[in-house]
């Protein structure tokens, strides 16, 4: 059985990582947050960068651990041909849970690594967080002195073509497309679910709220993902 997973913020809120748009979301609570996620603002404003680095320092990602749902998705690789885990999350919890790194497609990038806008150097985010803790409010690239940031996709920036192409290929070549913790309202991931159905896949949606593509799904499951994901995958895969 070939399976492609689509996952979103609802999967990680149980790990203590807030979403962006909800009542307690990052953008709701911090008026600068949307600017921190906009490339032009980030590049031109030291204030925005300093606030972004402080937010990274305080992020729940560093204390977060994969949930039972993350672990059950990872276990699916032992029971089925998992084509990909296409995730809108940047927290890296799928890989920490044991999903194969080559199957995890982070369409919005990763908060666990940094990159330089000047020389394209990259490295572990922990290195930069350590510098912020030591008193550098806006740590520069250690190689060229350029502006640094997380390797997440910002507004005004194109998604990585190779990642998106791999995600669409996985959606078009699966027997089951399973959306977990995502509203399926943000493109291009939103397009992948109906594309898979049109290509002959069966669809399942596990989410707290309705999605635009519920009518396309063979099964729609509401409830706590920490209970529904293990139960549904046990029923499907044994």
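From the backbone N, Cα and C atoms, a Cβ is placed for every residue, glycine too.
Straight from TrEMBL, the features:
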type	residues	note
DOMAIN	1-238	domain 'Deacetylase sirtuin-type'
ACT_SITE	108	active site, proton acceptor
BINDING	116, 119, 141, 144	Zn(2+) binding site
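Here the features listed in TrEMBL are painted onto the structure.
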{"residue": "108", "record": "active site, proton acceptor", "CB count, 10 Å": "19"}
{"residue": "116", "record": "Zn(2+) binding site", "CB count, 10 Å": "19"}
{"residue": "119", "record": "Zn(2+) binding site", "CB count, 10 Å": "12"}
{"residue": "141", "record": "Zn(2+) binding site", "CB count, 10 Å": "20"}
{"residue": "144", "record": "Zn(2+) binding site", "CB count, 10 Å": "13"}
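Same-chain neighbours of the Zn(2+) site beyond 116, 119, 141, 144, judged by a C-beta within 8 angstroms of the site's C-beta center, are, in sequence order, 117, 118, 120, 121, 140, 142, 143, 145, 146, 148. Confidence annotation: the domain 'Deacetylase sirtuin-type' (1-238) carries a mean pLDDT of 94 in the model. Between the C-alpha atoms of residue 141 (Zn(2+) binding site) and residue 108 (active site, proton acceptor), the distance comes to 22 Å. Cα to Cα, residue 108 (active site, proton acceptor) and residue 119 (Zn(2+) binding site) are separated by 21 Å.
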